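Asker: The structure under discussion is supplied below as structure tokens; questions concerning it will follow.
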């Protein structure tokens, strides 16, 4: 049988290729958008690091969005192609390795704006410390603990949305195989619309329920700037695990490769 | 001789259509089986079921005593036209992929096979390969695994006669003595000389499973036998 390490390695190799393309496009966009500042001399002034970081941050959203879209596409292909489904490995291992490799590849893209921010910090330590201190002045909070909470929400949110996209894809594939072969494209389009609507509706309901729960915590006096993001991360993580179990079951019983 | 491949009551339904109905088949180890039938008869689905990628197949498929899907995947070598590899993927990368994910993939055997088939260029991309070259590559990859069952789905489709001969020779030479080789095709003449047994699928059912030797002893060629069964079916349908 193929080990988790080996399946992970081949999946990572494929996805890192996608990340490298996104990173290359991201860096190219930063360089191109810096050209005007180079011509008017601003790039060679003492504020050069500020210009670089501003461009890096302004393009980071698009780069992360593209990475999410391309990695999601690559991830979903794994479930329906013989390249991966013929490998002697359990569906749970394949699913886990697929999710993990997407996550690592996404983090790779995420690290690039972080590196730009760190570079800016290195060249402007005093300024950044002053801004941070004045922004959080009077707040009796540990900023690092708060940032950790936000990071956990980001990670759990990423996993949640990936598992949800897979759920919609795998459910559509499973339902459409029970419908007649004619008009499959039409059936799939209708199923996708209905499932997306249902997911958005259910997510709204869960959010509503969760905000009530958070209010309850507040009433009990246990809510704080730290616990709120932790609770959110925990909820998203639990949801991602539950959805993953359903996805693996669908892979195991219903979802097959294209013929 | 012990059965390397056994199918008991295998049925498969998809898109409200029965594709395989109650297939029963036992194949002894070392056998080269011709899986014959028209286009759409269910040959590919049967191969996909054996390989463990067709989900929802009913019945029991046993490969060397193993019925579990993961175990079967480890014992069956099936390449299915390189589905999932991009046209830009290099031959060398695909070989490396196979070596990584299939513990039984033998790189030396692959090299010998590809040399025999005059397919040595590993720098080419999939999209640059001709149909014949691609088929040679697929066969080299498939046979380079040390599997109990090899599945070749229409390996001669759209290939010139010289390449066909080369591939047939490679199958004769490189098939492990104890392994089962299943070749599906609807051009019977091409593979007749290779076969120990034939299994014929028609209208989602297995209508015949016979030893090639017995067919020849009865004075028939495999092609006549196959066509006879199909014509008989057509005549029976006309009567109805």
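Going from the start of the chain as shown, residues are counted 1 onward.
Placed from the backbone N, Cα and C atoms, the Cβ positions cover glycine too.
According to TrEMBL, the feature domain 'G-protein coupled receptors family 1 profile' maps to A:100-251. Taken from TrEMBL, the feature transmembrane segment covers A:20-39, A:51-74, A:95-123, A:143-168, A:189-210, A:230-250.
Describe the structural context of these features.
Answerer: Below 8 angstroms of C-beta separation, residues 4, 7-8, 11-12, 14-16, 18-19, 22-23, 26-27, 49-50, 52-53, 56-57, 60, 63-64, 67-68, 71-72, 74-75, 78-79, 84, 89, 155, 158-159, 162-163, 244, 247-248, 251 of the same chain, each at least six residues beyond the ends of the transmembrane segment (A:95-123), sit close to that stretch.
Sequence-remote contacts of a segment are chain residues at least 6 beyond its ends whose Cβ falls under 8 Å from one of its Cβ atoms, and for the transmembrane segment (A:189-210) they are 164, 167-168, 171-172, 175-176, 231-232, 235, 239.
Same-chain residues lying 6+ beyond the ends of the transmembrane segment (A:230-250) with a Cβ under 8 Å from its Cβ atoms: 91-92, 95, 99, 149, 152-153, 155-157, 159-160, 162-164, 166-167, 170-171, 173-174, 206, 210, 213-214, 217.
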